[in-house]
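TrEMBL has this to say about the protein:
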- 448-464: compositional bias 'Low complexity' (COMPBIAS)
- 36-131: domain 'Ig-like' (DOMAIN)
- 136-224: domain 'Ig-like' (DOMAIN)
- 227-324: domain 'Ig-like' (DOMAIN)
- 443-464: region 'Disordered' (REGION)
- 1-26: signal peptide (SIGNAL)
Amino acid sequence: QVPQMAASPVVVQLAVAFVVLQAALGTNRQIVTGNPAAGSFLSVPTTVKRYENDTVLLPCYHNAPYRYVRWSRDDLLLVDSRYPDLRTPPRMRLWPNGSLEVTEVQTDDTGDYTCEIMTDGGKASQHHAIEVQFQATAAIYPEDPIDIRVGQILEAVCQVTGMPQPYVKWMMQVGHTVEPLPHFRNERKLNVLIEDRTFSGPLQCTATNGVGEPASAAVEVIVNFVPEIEVKSPTVHTRIGETGLLECLVTAHPAASIHWFHHGLPVVYDRRIVKLDTLVTKHQYYTVQRHQLAIRSLRDADLGQYECKAGNRVGIAGAQLELTGRPMVASFKPAAEMSSPTRHNFIWQTESHSPLIEYKLKFRRVPSGNVTPGRRTLPQQFAWKELIIPSDGSYGPLHSSGYTLEGLQPTSVYEVIVLSRNRYGWSDPSNILRFATGGEVEIEPGSEADTSSSSSVQTTETLE
């Protein structure tokens, strides 16, 4: 038997110093859950939710006396009753009953805490948690205004903090209002297809966690789009010797440059042909400009097709206009003279800067029981018929004329249109006037025609 040798005082001091140093450096961080022989805790595992600067007391009550107690947070040693000289973290205090007090809690104190004790029966441990609740914060990335084109995907990230974890809601300019994006509820990342220029505007994310007021962050989205051209008068009627004015309204971002073309060739500007550009609106997200082409002392060669073409770095758009001396579209007026089952009176009015030569009156009977003019094959009696009516040769510019159609079929539905001609050609056809001769007419249910007697209805159907 080998005799036991007593450890020298120097060896004992070195061993103690090593354990203290090991605890101070946090290297001995393995928490071992005790066996049943160690007994049971009187306290229960708890998650303590507190606001910043509150005081928290984590219990560690056991039904048996303990030799030592020690606390760790997320496996990092905090205090150990065996080493009173071990420096305790700020704002923490170990009570004689084994409880750990944390004063003026901060967000960094959030974590899992473990109490470990040694009893005569062995080691035992209990887990607690602290959640320091604080108001949500939000930030959007990218932070600078986002330049993006129509058709591209907008990507943004909402970075949030807070305890409890905040709920995220996105809002975006859609059309003319700021609307929530339901497909991205509580999503930190956003991916949206930019469909058109109305998506320009603020993009906002809001973080809410029930602590204090919700937090919001926003960034401007600026959509770059192909110029949009609006033409209020695609056909401009004029007279030789006067001034013709063509106009188009251009909305764009970035601002567009404008060029005029006549029969496909660039317009050459001079003292007679002048380009006029006017800024209408300078908006944060787009620019509206009015562009006019003024042609003084009009000549025959100036008439014809023009194009207003606008371009920016996104693309090019164009709109067609016509400068013409042809008559304007005629419109039917109420006739004072009464009609009969076999005749119908018409009066129409048009405008022409040159003397009118003649009118063309086109009419047809609509098949009974079918007033829809979309049939491709019709009997000869239902085909369009034409009448040429001479003009009175007046200079106008307003011209009125009339005609009485005779020999009509009673109790029938008819359609009629009128065109005017001067030295520059025929006008576009008028709207179709639909009328019924005297007597009741059987019309298919749901049809556009009305079942009336000696009545006239103006429609906007086009002539086949």
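Note that Cβ sites are derived from N, Cα and C of the backbone, with glycine treated the same way.
Helix, strand and coil content of the domain 'Ig-like' (136-224), in residues and according to DSSP, is 6 helix, 56 strand, 27 coil. Model confidence over the domain 'Ig-like' (227-324) stands at 95, taken as the mean pLDDT rounded to a whole number. Across the domain 'Ig-like' (227-324), DSSP assigns 3 helix, 61 strand, 34 coil. Mapped onto DSSP helix, strand and coil, the domain 'Ig-like' (36-131) counts 6 helix, 48 strand, 42 coil.
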